[in-house]
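The structure appears right after this line, and notes come after that.
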Amino acid sequence: MASLNPFDLLGDDAEDPSQLAVALSQKVEKAAAAVQPPKAAKFPTKPAPPSQAVRESRNAPQGGRGGTGGRGGFSRGRGNGGYNRDNRNNDAPGNENGFSGGYRRPSEDADGASRGGSVGGYRVGGGREGPRRGGVANGESGDVERPPRNYDRHSRTGHGTGMKRNGGGRGNWGTTEDDIPPTSEEPTTEVEKSPVAEKQGGEDETPEAKKELTAEEKAQKEAEEAEAREMTLEEYEKILEEKKKALQATKVEERKVDTKVFESMQQLSNKKNTDEEIFIKLGSDKEKRKDATEKAKKSLSINEFLKPADGKRYNGRGGGSRGRGGRGGRGEGGNQRYAKEAAAPAIGDTAQFPSLG
């Protein structure tokens, strides 16, 4: 790719702008003259006769995969002399077998065995190895199958016989919005009631009149309540006496004692103080249980809890040392361990418990 000079336009200042305008106008005139008027539409030509179309299909170059007959089966247009739309009504022998459209006619000099066999002059078997779709090789007659469909190469498993619905969604089933019918606003038949008609049919009272009535009613109620509250002194005293009697009755009821509780009691005499009488309730198990629990409790000193666990062993000073003079010196038996019971700390010792001193 050729490189452009970015500084090429810097030297264009010397040109006359009027000359540039004239040059542009000339270019526009030439372009208008070059435009040609549209040609008249051509009428369709007469189609060629069937015999000529068959000859042209024979002389045409051979196709791609299938050779003379397409992939070894019925020719679909890929091979030489495939299905031709112009030869639908021709006199080819293929129409005698009931197939619509012209199929490739086998060449006269070709051998049927080398082409995999033919049925009624038409290729049914495919490939070099033998016939296809139930055809019989070596020119023997057999049942002829229908021609393949246009979409025969696509797998039809999992597809129903129904037509596809236009639209998106899974499996071309459309979207949820398609099933919802469009809502059309229907004119309402209800007639709005005018406020004037309501006033005529109802009461003619205004809100001011209602307020006045309510004020009068309130005044009457207050007067009746005031009359009910008024009473004489005697009536007031009677009310107070009734209240006092009710209070005294409740107090007396509270002070009453049930004698049923003392039926299981028995009067005994105390040996020490004969003047005092003691009542002991018989058949009470709670006191017996308390006495048993108190007897079970023993007075234990704190020293017993402060002692270490029984059987605990410890090493005294120098227990792990060998001594100074070897085996025969002072350190004889330096490795012996003494099992001693640890003494409990003395509570009175201020060194161990300085806060208690």
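Cβ from N, Cα, C; glycine included.
As written in Swiss-Prot, here are the features:
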- A2: N-acetylalanine (MOD_RES)
- 25-232: region 'Disordered' (REGION)
- 31-45: compositional bias 'Low complexity' (COMPBIAS)
- 63-82: compositional bias 'Gly residues' (COMPBIAS)
- 114-128: compositional bias 'Gly residues' (COMPBIAS)
- 143-155: compositional bias 'Basic and acidic residues' (COMPBIAS)
- 159-172: compositional bias 'Gly residues' (COMPBIAS)
- 190-232: compositional bias 'Basic and acidic residues' (COMPBIAS)
- 239-299: domain 'FF' (DOMAIN)
- 308-357: region 'Disordered' (REGION)
- 316-334: compositional bias 'Gly residues' (COMPBIAS)
- S355: phosphoserine (MOD_RES)
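S355 (phosphoserine) falls within a helical segment according to DSSP. Just so you know, the Cβ of S355 (phosphoserine) picks up 5 other Cβ atoms within 10 Å once every protein chain is counted. A mean pLDDT of 71 is what the model gives for the domain 'FF' (239-299).
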